[in-house]
Amino acid sequence: MSKIVKVIAREIIDSRGNPTVEAEVHLEGGFVGMAAAPSGASTGSREALELRDGDKARFLGKGVLKAVGAVNGPIAAALLGKDAQDQAAIDQIMIDLDGTENKSNFGANAILAVSLANAKAAAAAKGLPLYAHIAELNGTPGVYSMPLPMMNIINGGEHADNNVDIQEFMIQPVGAKTLKEAVRMGAEVFHNLAKVLKSKGYNTAVGDEGGFAPNLKSNAEALEVIAEAVAAAGYVLGKDVTLAMDCAASEFYDAEKKEYNLKGEGRIFTSNGFSDFLEDLTTKFPIVSIEDGLDESDWEGFAYQTQKLGKKIQIVGDDLFVTNTKILKRGIDNGIANSILIKFNQIGSLTETLAAIKMAKDAGYTAVISHRSGETEDATIADLAVGTAAGQIKTGSMSRSDRVAKYNQLIRIEEALGAKAPFNGLKEVKGQA
């Protein structure tokens, strides 16, 4: 037994300068785990609640002292003396104590920080790296893989102050033989993209996730400049590097009119019309994955999009599924999408996150492990991706330490595991095997 002797939390600062919750779990024998909760900008309406103080005199209302107080008070009291190795029990104690469907009493940011810190402490007590402990919790001990990165090198939407409506334009270095080589390829394309943008007189300031955030003539132009950068880096688009997009379409959906409004280029679409627009882009560019291609409530539209594109490319549900097994089950039962984006803080505990990954995989869906736009130096998602052999990860661009921390952790893990953690590249993407 790894008995919990102390649980504490504090308010720290995330990559956007906003407060977040960091927790520590201390065990007998001196083992300690520490973790911080991330925070999203474009959030699904059914996500677990991120508790903020609302005191405008502190951090413009974004303080997290209530969540910190929940950890230092009732959560700590309930967990003292409990066995950190029983992750499911630890998470269930916090969920039951909170007593709400969406963790609105303590905040998912409080519960998640403790959940992840507990897993880290338990791993330390067993003398295991975190990814190995996660594999055991997942019921797949010793089964690992290195994830194919989706690198968000042009930021738009809620992640940038520009006129590009689609939120993320990503590259996948599918021609790489290892994760380390994939990171190198991504960095080379990123630096060449800076040159391409400068040559066209575009801004090279970066957005929340470390990608460039220029004003462009259209969303398609984002794909065009990336194509130029891939070629300039000496790679073949479609062979060495493929493309992916996160539309975050809920952010430009007009629910009253049931229209998708790309204000940046002055175009308005019906639900099916927007899916047709996306299909047209996939015929012009080697796009192999599209996330949140419609509003989270547009299930009828998603059925059409899945039918139209689901055999050819990966259709990822983020706001659509919010890492929630109840909602994912509905999607699976109705043939909606073929992949789920996995974000710890959408659901609020490690146990529930692992359940969502398992449900997706059992149904033949892929699971893409993801960061949030508000991050810290905490690199737990790297260990989650390897420890569940999820196969894909989204953790931003090749700048900003909050993004690069995850890539660096993956490089370390790959070095430690060698052939035990294969890098399968494009085979991991739904519809591309």
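Every residue, even glycine, has its Cβ placed from backbone N, Cα and C.
The feature (2R)-2-phosphoglycerate binding site is assigned by Swiss-Prot to GLN167, LYS343, ARG372, SER373, LYS394, with sequence analysis given as support. Per Swiss-Prot, active site, proton donor is recorded for GLU209. Residues annotated as Mg(2+) binding site in Swiss-Prot, with sequence analysis given as evidence: ASP246, GLU291, ASP318. Here Swiss-Prot flags LYS343 as active site, proton acceptor.
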Inter-residue C-alpha distance, SER373 ((2R)-2-phosphoglycerate binding site) and GLU209 (active site, proton donor) (nearest angstrom): 6
Count of other CB atoms lying within 10 Å of the CB belonging to ARG372 ((2R)-2-phosphoglycerate binding site): 29
Entry from the binding-site residues list GLN167, SER373 having the most other CB atoms no farther than 10 A: GLN167
Residues close to Mg(2+) site centre defined by ASP246, GLU291, ASP318, Cβ within 8 Å: GLN167, GLU168, MET245, CYS247, ALA248, ILE290, ASP292, VAL316, GLY317, ASP319, LEU341, SER370, LYS394
